[in-house]
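*Asks:* Dumping the structure here so I can ask a few things about it.
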Amino acid sequence: MKRIFSGIKPTGHLTLGNYLGALRRWVEVDQHQADALFSVVDLHALTVEHDPARVRRLSRQAATLMLAAGLDPDLCTVFVQSHVDEHARLSYILECTATDGELRRMIQYKEKSVRARAAGQSVRLSLLTYPALMAADILAYQADEVPVGEDQTQHVELTRDLAVRFNQRYGHTFNVPRATPPPVAARVMDLQDPTSKMGKSHESGAGIVYLLDEADVVRKKIMRAVTDSGHDVEYDPESRPGVANLLEILSACSGRNPKELAGAYESYGALKKDTAEAVLEVLRPIRERHAELAADPGHVDAVLRKGAERARGMARPTVDAAYRAIGLLPAA
Ligand code: ATP
Ligand code: MG
(Lines of atoms letter the chains of each structure in order from A and count residues from 1; the text may use other names and numbers.)
(Lines give C-alpha, C1' and ligand atoms only; values in the text may rest on other atoms or scores of the structure.)
(Ligands and ions follow the chains in the order given, each with its own letter.)
Protein backbone atom coordinates (compact mmCIF):
# COMPACT_ATOMS: atom_id res chain seq x y z
CA MET A 1 0.00 0.00 0.00
CA LYS A 2 1.14 3.51 -0.85
CA ARG A 3 2.55 5.60 2.03
CA ILE A 4 1.71 9.31 2.35
CA PHE A 5 3.07 11.96 4.70
CA SER A 6 2.09 15.61 5.05
CA GLY A 7 1.95 18.27 7.76
CA ILE A 8 0.85 21.71 8.90
CA LYS A 9 2.85 24.12 11.06
CA PRO A 10 1.23 25.71 14.12
CA THR A 11 2.42 29.20 13.13
CA GLY A 12 -1.04 30.76 12.92
CA HIS A 13 -4.71 29.94 12.51
CA LEU A 14 -5.36 27.58 9.61
CA THR A 15 -6.39 29.32 6.39
CA LEU A 16 -8.51 28.59 3.35
CA GLY A 17 -5.19 28.09 1.51
CA ASN A 18 -4.18 25.33 3.91
CA TYR A 19 -7.56 23.69 3.44
CA LEU A 20 -7.86 23.90 -0.35
CA GLY A 21 -4.15 23.35 -1.00
CA ALA A 22 -3.63 20.44 1.37
CA LEU A 23 -6.07 19.39 4.08
CA ARG A 24 -9.09 18.81 1.88
CA ARG A 25 -7.31 16.21 -0.24
CA TRP A 26 -5.94 14.48 2.83
CA VAL A 27 -9.54 14.02 3.93
CA GLU A 28 -11.24 13.29 0.63
CA VAL A 29 -8.62 11.21 -1.14
CA ASP A 30 -5.39 10.40 0.66
CA GLN A 31 -6.63 8.78 3.85
CA HIS A 32 -8.80 6.40 1.81
CA GLN A 33 -6.14 5.42 -0.71
CA ALA A 34 -3.01 5.02 1.31
CA ASP A 35 -1.39 4.39 4.63
CA ALA A 36 -1.31 8.09 5.44
CA LEU A 37 0.31 10.10 8.24
CA PHE A 38 -0.63 13.71 8.96
CA SER A 39 1.31 15.73 11.46
CA VAL A 40 1.14 19.02 13.31
CA VAL A 41 4.77 19.87 12.60
CA ASP A 42 5.43 21.96 15.69
CA LEU A 43 9.24 21.88 15.54
CA HIS A 44 8.98 23.86 12.31
CA ALA A 45 7.05 26.59 14.15
CA LEU A 46 10.17 27.36 16.19
CA THR A 47 12.13 28.51 13.13
CA VAL A 48 10.68 32.03 13.40
CA GLU A 49 9.98 34.33 16.39
CA HIS A 50 7.38 32.57 18.49
CA ASP A 51 5.45 32.73 21.72
CA PRO A 52 5.58 29.35 23.55
CA ALA A 53 2.02 29.50 24.89
CA ARG A 54 0.69 30.43 21.45
CA VAL A 55 2.49 27.59 19.68
CA ARG A 56 1.07 25.15 22.24
CA ARG A 57 -2.45 26.53 21.76
CA LEU A 58 -2.17 26.56 17.96
CA SER A 59 -0.85 22.98 17.93
CA ARG A 60 -3.94 21.74 19.70
CA GLN A 61 -6.14 23.86 17.49
CA ALA A 62 -4.49 22.57 14.29
CA ALA A 63 -4.94 18.96 15.41
CA THR A 64 -8.57 19.65 16.32
CA LEU A 65 -9.21 21.28 12.94
CA MET A 66 -7.59 18.40 11.09
CA LEU A 67 -10.04 16.04 12.77
CA ALA A 68 -12.93 18.50 12.32
CA ALA A 69 -12.19 18.66 8.58
CA GLY A 70 -12.64 14.90 8.45
CA LEU A 71 -9.38 13.08 9.10
CA ASP A 72 -10.45 9.80 10.63
CA PRO A 73 -7.99 8.27 13.14
CA ASP A 74 -9.30 4.83 12.16
CA LEU A 75 -8.13 5.44 8.59
CA CYS A 76 -4.95 7.46 9.07
CA THR A 77 -2.36 8.47 11.65
CA VAL A 78 -2.66 11.96 13.16
CA PHE A 79 0.13 13.08 15.48
CA VAL A 80 2.34 15.89 16.71
CA GLN A 81 5.87 15.93 15.29
CA SER A 82 7.68 16.67 18.57
CA HIS A 83 6.07 13.60 20.16
CA VAL A 84 8.15 11.41 17.86
CA ASP A 85 11.92 11.81 18.52
CA GLU A 86 12.81 10.15 15.22
CA HIS A 87 12.18 13.39 13.28
CA ALA A 88 14.92 15.31 15.13
CA ARG A 89 17.24 12.28 15.08
CA LEU A 90 16.99 11.90 11.32
CA SER A 91 17.10 15.64 10.68
CA TYR A 92 20.72 15.76 11.88
CA ILE A 93 21.71 12.94 9.54
CA LEU A 94 20.13 14.83 6.63
CA GLU A 95 21.93 18.04 7.64
CA CYS A 96 25.04 15.94 7.13
CA THR A 97 23.77 14.99 3.67
CA ALA A 98 22.62 18.43 2.46
CA THR A 99 24.95 21.29 1.52
CA ASP A 100 24.92 24.86 2.73
CA GLY A 101 24.48 26.06 -0.88
CA GLU A 102 21.36 24.05 -1.60
CA LEU A 103 19.67 25.15 1.62
CA ARG A 104 20.42 28.82 0.90
CA ARG A 105 18.72 28.50 -2.48
CA MET A 106 15.33 27.65 -0.97
CA ILE A 107 12.72 30.29 -1.79
CA GLN A 108 11.01 29.98 1.59
CA TYR A 109 14.32 30.66 3.36
CA LYS A 110 14.90 33.73 1.23
CA GLU A 111 11.37 35.08 1.75
CA LYS A 112 11.11 34.39 5.46
CA SER A 113 14.61 35.61 6.27
CA VAL A 114 13.90 38.89 4.46
CA ARG A 115 10.64 39.22 6.38
CA ALA A 116 12.33 38.55 9.73
CA ARG A 117 15.07 41.10 9.06
CA ALA A 118 12.52 43.69 7.92
CA ALA A 119 10.71 43.22 11.24
CA GLY A 120 14.00 43.85 13.08
CA GLN A 121 14.31 40.19 14.11
CA SER A 122 17.32 37.96 13.79
CA VAL A 123 17.15 34.93 11.49
CA ARG A 124 17.25 31.62 13.35
CA LEU A 125 19.69 29.02 12.07
CA SER A 126 16.81 26.52 12.06
CA LEU A 127 15.10 28.57 9.32
CA LEU A 128 18.00 27.63 7.07
CA THR A 129 18.08 23.97 8.14
CA TYR A 130 14.25 23.64 8.03
CA PRO A 131 14.27 21.62 4.76
CA ALA A 132 16.50 18.95 6.37
CA LEU A 133 13.91 18.50 9.11
CA MET A 134 11.12 18.45 6.54
CA ALA A 135 13.04 15.82 4.55
CA ALA A 136 13.35 13.81 7.77
CA ASP A 137 9.57 14.09 8.35
CA ILE A 138 8.99 12.50 4.95
CA LEU A 139 11.85 10.02 4.63
CA ALA A 140 11.45 8.57 8.13
CA TYR A 141 8.17 7.03 6.96
CA GLN A 142 9.39 5.87 3.53
CA ALA A 143 6.64 8.05 2.05
CA ASP A 144 5.77 7.65 -1.64
CA GLU A 145 3.70 10.82 -1.93
CA VAL A 146 3.65 14.20 -0.23
CA PRO A 147 0.39 16.08 -0.85
CA VAL A 148 1.32 19.76 -0.44
CA GLY A 149 0.48 23.13 -1.96
CA GLU A 150 2.71 24.44 -4.70
CA ASP A 151 4.81 26.54 -2.30
CA GLN A 152 6.26 23.35 -0.79
CA THR A 153 7.22 21.54 -3.98
CA GLN A 154 10.77 22.94 -3.91
CA HIS A 155 11.32 21.40 -0.46
CA VAL A 156 10.02 18.05 -1.68
CA GLU A 157 12.43 18.23 -4.64
CA LEU A 158 15.27 18.75 -2.18
CA THR A 159 14.00 15.80 -0.14
CA ARG A 160 14.25 13.65 -3.27
CA ASP A 161 17.79 14.83 -3.93
CA LEU A 162 18.82 14.04 -0.35
CA ALA A 163 17.25 10.58 -0.49
CA VAL A 164 19.00 9.74 -3.76
CA ARG A 165 22.34 11.09 -2.51
CA PHE A 166 22.13 9.21 0.79
CA ASN A 167 21.16 5.98 -0.96
CA GLN A 168 24.03 6.28 -3.44
CA ARG A 169 26.65 6.99 -0.80
CA TYR A 170 25.58 4.72 2.02
CA GLY A 171 23.37 2.05 0.50
CA HIS A 172 19.67 1.95 -0.19
CA THR A 173 17.87 3.32 2.90
CA PHE A 174 15.09 5.69 1.78
CA ASN A 175 12.22 5.54 -0.63
CA VAL A 176 12.33 8.53 -3.02
CA PRO A 177 9.03 10.44 -2.61
CA ARG A 178 7.23 12.85 -4.93
CA ALA A 179 5.09 15.95 -4.31
CA THR A 180 1.45 15.79 -5.37
CA PRO A 181 -0.01 19.32 -5.58
CA PRO A 182 -3.80 19.57 -6.03
CA PRO A 183 -5.23 20.18 -9.54
CA VAL A 184 -6.87 23.50 -8.53
CA ALA A 185 -6.14 25.98 -5.73
CA ALA A 186 -2.55 24.75 -5.41
CA ARG A 187 -1.64 28.31 -4.54
CA VAL A 188 -4.44 30.40 -3.01
CA MET A 189 -3.40 34.06 -3.05
CA ASP A 190 -3.85 36.76 -0.41
CA LEU A 191 -7.13 38.61 -1.07
CA GLN A 192 -5.50 42.00 -0.43
CA ASP A 193 -2.29 41.21 -2.31
CA PRO A 194 -3.06 38.67 -5.03
CA THR A 195 0.59 38.45 -6.07
CA SER A 196 1.57 36.84 -2.78
CA LYS A 197 0.42 33.55 -1.29
CA MET A 198 -2.20 33.45 1.46
CA GLY A 199 -0.10 32.40 4.47
CA LYS A 200 -1.24 31.85 8.04
CA SER A 201 1.78 33.59 9.54
CA HIS A 202 1.34 36.78 7.50
CA GLU A 203 0.39 40.01 9.19
CA SER A 204 -2.42 41.19 6.89
CA GLY A 205 -5.47 39.51 8.42
CA ALA A 206 -7.75 41.28 5.90
CA GLY A 207 -6.48 39.24 2.96
CA ILE A 208 -6.61 35.88 4.71
CA VAL A 209 -9.69 33.72 5.25
CA TYR A 210 -9.23 31.65 8.40
CA LEU A 211 -11.15 28.40 8.73
CA LEU A 212 -12.58 29.60 12.05
CA ASP A 213 -13.59 33.11 10.89
CA GLU A 214 -17.23 34.02 11.58
CA ALA A 215 -19.50 33.98 8.49
CA ASP A 216 -19.79 37.81 8.41
CA VAL A 217 -16.04 38.18 8.53
CA VAL A 218 -15.57 35.73 5.65
CA ARG A 219 -18.15 37.63 3.57
CA LYS A 220 -16.53 40.98 4.32
CA LYS A 221 -13.03 39.76 3.44
CA ILE A 222 -14.14 38.27 0.13
CA MET A 223 -16.36 41.23 -0.83
CA ARG A 224 -13.39 43.55 -0.17
CA ALA A 225 -10.90 41.41 -2.11
CA VAL A 226 -8.67 43.44 -4.40
CA THR A 227 -9.70 42.90 -8.02
CA ASP A 228 -7.98 44.14 -11.13
CA SER A 229 -8.63 47.14 -13.33
CA GLY A 230 -11.18 46.38 -16.03
CA HIS A 231 -14.63 44.95 -15.52
CA ASP A 232 -14.85 41.77 -17.55
CA VAL A 233 -14.60 38.59 -15.59
CA GLU A 234 -11.72 36.76 -17.27
CA TYR A 235 -9.54 33.91 -16.08
CA ASP A 236 -6.01 35.19 -16.63
CA PRO A 237 -3.73 34.52 -13.64
CA GLU A 238 -0.81 36.43 -15.22
CA SER A 239 -2.41 39.80 -15.86
CA ARG A 240 -5.58 39.54 -13.69
CA PRO A 241 -4.36 37.78 -10.53
CA GLY A 242 -7.08 39.11 -8.20
CA VAL A 243 -9.99 37.88 -10.30
CA ALA A 244 -8.19 34.63 -11.16
CA ASN A 245 -7.72 33.95 -7.44
CA LEU A 246 -11.45 34.38 -6.76
CA LEU A 247 -12.27 32.14 -9.72
CA GLU A 248 -9.91 29.45 -8.47
CA ILE A 249 -11.36 29.60 -4.97
CA LEU A 250 -14.89 29.35 -6.38
CA SER A 251 -13.76 26.55 -8.67
CA ALA A 252 -12.23 24.60 -5.78
CA CYS A 253 -15.41 25.05 -3.73
CA SER A 254 -17.89 24.28 -6.53
CA GLY A 255 -16.09 21.70 -8.65
CA ARG A 256 -16.53 23.82 -11.79
CA ASN A 257 -13.71 24.84 -14.09
CA PRO A 258 -12.35 28.42 -13.52
CA LYS A 259 -12.46 29.36 -17.22
CA GLU A 260 -16.02 28.18 -17.56
CA LEU A 261 -16.98 30.05 -14.37
CA ALA A 262 -15.48 33.26 -15.75
CA GLY A 263 -17.92 33.13 -18.65
CA ALA A 264 -20.86 32.88 -16.25
CA TYR A 265 -20.24 36.25 -14.54
CA GLU A 266 -20.90 39.77 -15.75
CA SER A 267 -19.56 41.62 -12.69
CA TYR A 268 -16.96 41.30 -9.97
CA GLY A 269 -19.65 41.89 -7.35
CA ALA A 270 -21.66 38.84 -8.36
CA LEU A 271 -18.51 36.71 -8.54
CA LYS A 272 -17.46 37.78 -5.03
CA LYS A 273 -20.91 37.14 -3.61
CA ASP A 274 -21.06 33.61 -4.99
CA THR A 275 -17.47 32.92 -3.96
CA ALA A 276 -18.21 34.00 -0.39
CA GLU A 277 -21.28 31.77 -0.19
CA ALA A 278 -19.45 28.79 -1.71
CA VAL A 279 -16.61 29.20 0.79
CA LEU A 280 -19.05 29.44 3.70
CA GLU A 281 -20.77 26.28 2.53
CA VAL A 282 -17.42 24.46 2.68
CA LEU A 283 -16.43 25.92 6.05
CA ARG A 284 -19.73 25.50 7.90
CA PRO A 285 -19.47 21.77 8.73
CA ILE A 286 -15.81 22.15 9.71
CA ARG A 287 -16.63 24.97 12.13
CA GLU A 288 -19.48 22.99 13.66
CA ARG A 289 -17.40 19.87 14.16
CA HIS A 290 -14.53 21.96 15.52
CA ALA A 291 -16.79 23.38 18.22
CA GLU A 292 -17.83 19.85 19.27
CA LEU A 293 -14.27 18.52 19.32
CA ALA A 294 -12.86 21.57 21.11
CA ALA A 295 -15.26 20.80 23.95
CA ASP A 296 -13.64 17.37 24.33
CA PRO A 297 -9.85 17.91 24.49
CA GLY A 298 -9.42 14.47 26.10
CA HIS A 299 -10.56 12.86 22.86
CA VAL A 300 -8.08 14.88 20.77
CA ASP A 301 -5.27 14.02 23.23
CA ALA A 302 -6.10 10.32 22.98
CA VAL A 303 -6.00 10.46 19.17
CA LEU A 304 -2.62 12.22 19.27
CA ARG A 305 -1.19 9.76 21.80
CA LYS A 306 -2.19 6.78 19.70
CA GLY A 307 -0.98 8.49 16.54
CA ALA A 308 2.46 9.23 18.01
CA GLU A 309 2.86 5.66 19.20
CA ARG A 310 2.07 4.31 15.77
CA ALA A 311 4.29 6.87 14.01
CA ARG A 312 7.21 6.08 16.32
CA GLY A 313 6.96 2.38 15.52
CA MET A 314 6.96 3.13 11.80
CA ALA A 315 9.86 5.60 11.83
CA ARG A 316 12.27 3.90 14.20
CA PRO A 317 13.52 1.05 11.94
CA THR A 318 14.27 3.47 9.09
CA VAL A 319 16.04 6.00 11.30
CA ASP A 320 18.06 3.24 12.99
CA ALA A 321 19.02 1.93 9.56
CA ALA A 322 20.13 5.43 8.47
CA TYR A 323 22.31 5.75 11.62
CA ARG A 324 23.98 2.43 10.90
CA ALA A 325 24.43 3.16 7.18
CA ILE A 326 26.12 6.52 7.73
CA GLY A 327 28.69 4.97 10.05
CA LEU A 328 27.45 5.44 13.61
CA LEU A 329 28.23 2.61 16.00
CA PRO A 330 25.03 0.91 17.17
CA ALA A 331 24.49 0.98 20.93
CA ALA A 332 25.32 -2.43 22.38
P1 ATP B 1 3.34 29.84 7.12
O2 ATP B 1 2.97 31.22 6.71
O3 ATP B 1 3.73 29.73 8.57
O4 ATP B 1 4.38 29.19 6.23
P5 ATP B 1 1.29 28.41 5.69
O6 ATP B 1 -0.08 28.96 5.61
O7 ATP B 1 2.18 28.54 4.49
O8 ATP B 1 2.00 28.97 7.00
P9 ATP B 1 2.19 25.69 6.15
O10 ATP B 1 2.04 25.06 7.48
O11 ATP B 1 3.53 26.20 5.74
O12 ATP B 1 1.11 26.86 6.05
O13 ATP B 1 1.70 24.67 5.04
C14 ATP B 1 0.71 23.67 5.28
C15 ATP B 1 0.21 23.16 3.94
O16 ATP B 1 -0.67 24.13 3.34
C17 ATP B 1 1.31 22.89 2.91
O18 ATP B 1 0.96 21.74 2.17
C19 ATP B 1 1.25 24.11 2.03
O20 ATP B 1 1.74 23.84 0.73
C21 ATP B 1 -0.24 24.39 2.01
N22 ATP B 1 -0.49 25.81 1.75
C23 ATP B 1 -0.10 26.85 2.52
N24 ATP B 1 -0.53 28.00 2.01
C25 ATP B 1 -1.20 27.69 0.85
C26 ATP B 1 -1.87 28.46 -0.14
N27 ATP B 1 -1.93 29.78 -0.03
N28 ATP B 1 -2.46 27.82 -1.17
C29 ATP B 1 -2.39 26.47 -1.27
N30 ATP B 1 -1.78 25.68 -0.37
C31 ATP B 1 -1.19 26.27 0.69
MG1 MG C 1 4.22 27.84 4.59
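Glycine is no exception: its Cβ is also placed from the backbone N, Cα and C atoms.
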*Asks:* Which stretch, out of 82-86, 197-201, 272-276, 287-291, is listed as motif ''KMSKS' region' by TrEMBL?
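*Replies:* It is 197-201 that TrEMBL annotates as motif ''KMSKS' region'.
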*Asks:* Which one, V27, V188, is listed by TrEMBL in the same ATP site as K9, P10, T11, G17, N18, G149, E150, D151, K197, M198, G199, K200, S201?
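*Replies:* Looking at V27, V188, the one TrEMBL places in the ATP site next to K9, P10, T11, G17, N18, G149, E150, D151, K197, M198, G199, K200, S201 is V188.
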*Asks:* What are the DSSP helix/strand/coil residue counts across the motif ''HIGH' region' (10-18)?
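*Replies:* Going through the motif ''HIGH' region' (10-18) residue by residue, I get 3 helix, 1 strand, 5 coil.
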*Asks:* Within 10 Å of the Cβ of N18 (ATP binding site), how many other Cβ atoms can be counted across all chains shown?
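*Replies:* Result for N18 (ATP binding site): 25 neighbouring Cβ atoms inside 10 Å.
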*Asks:* Within 10 Å of the Cβ of D137 (L-tryptophan binding site), how many other Cβ atoms can be counted across all chains shown?
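*Replies:* So the Cβ neighbour count for D137 (L-tryptophan binding site) comes to 27.
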*Asks:* Just to verify a number: CA distance, K200 (ATP binding site) to D137 (L-tryptophan binding site), in angstrom, no decimals.
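*Replies:* So the alpha carbons of K200 (ATP binding site) and D137 (L-tryptophan binding site) sit roughly 21 Å from each other.
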*Asks:* Once the DSSP letters are reduced so that anything not helix or strand counts as coil, what is V188 (ATP binding site)?
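*Replies:* DSSP assigns V188 (ATP binding site) to coil.
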